[in-house]
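Asks: The structure is given below, and queries will be raised subsequently.
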Amino acid sequence: MSVSQARQNYHAESEAGINRQINMELYASYSYQSMAYYFDRDDVALPGFHKFFKHQSEEEREHAEKLMKYQNKRGGRIVLQDIKKPDRDEWGTGLEAMQVALQLEKSVNQSLLDLHKLCTSHDDAQMADFLESEFLEEQVKSIKELSDYITNLKRVGPGLGEYIFDKETLSSSS
């Protein structure tokens, strides 16, 4: 494999970290895709949840693509790994799925924070700026949004409450 002419101040550990983050984002996308089509089933039938999780899946895939583009820009090499299967196939109620989604977003956020710490330890200001401007603020917003949804789903309860939340909150947003 040839060495990139574009490479400058790009540590091998940072390059490997970007590849791990690509995998993490693709795993999140894969998990959200599973959630989306669970809520699209005829025996679940919550189209707002389907739409919300499908949008989340697309967003995570876009994050992976952004990281791949960045890897190439810095002269790194993209090394894809196997994407782990989501932890489950059945996602339960909307509340349960949102709780899983919140944990997933917190895991992605922690991975990004670890990557930020790594690139900072190698004095890579460009990568730190990239992570801050493209990912970290968005993660905080996503965690807050999911937390709000969980609070409201607890408030309205399962059954009819969840159905109304699906119609009034999720179908009208994104």
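Placed from the backbone N, Cα and C atoms, the Cβ positions cover glycine too.
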Asks: Out of E90, E96, E105, E168, which one does Swiss-Prot list together with E60, Q139 for Fe cation 2?
Replies: E105
Asks: Could you look at E15, E25 and say which one Swiss-Prot places alongside E60, H63 in the Fe cation 1 site?
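Replies: Record source Swiss-Prot; matching candidate: E25.
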Asks: Round to the nearest Å and give the CA-to-CA distance linking E60 (Fe cation 1 binding site) with Q139 (Fe cation 2 binding site).
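Replies: E60 (Fe cation 1 binding site) to Q139 (Fe cation 2 binding site), Cα-Cα distance: 11 Å.
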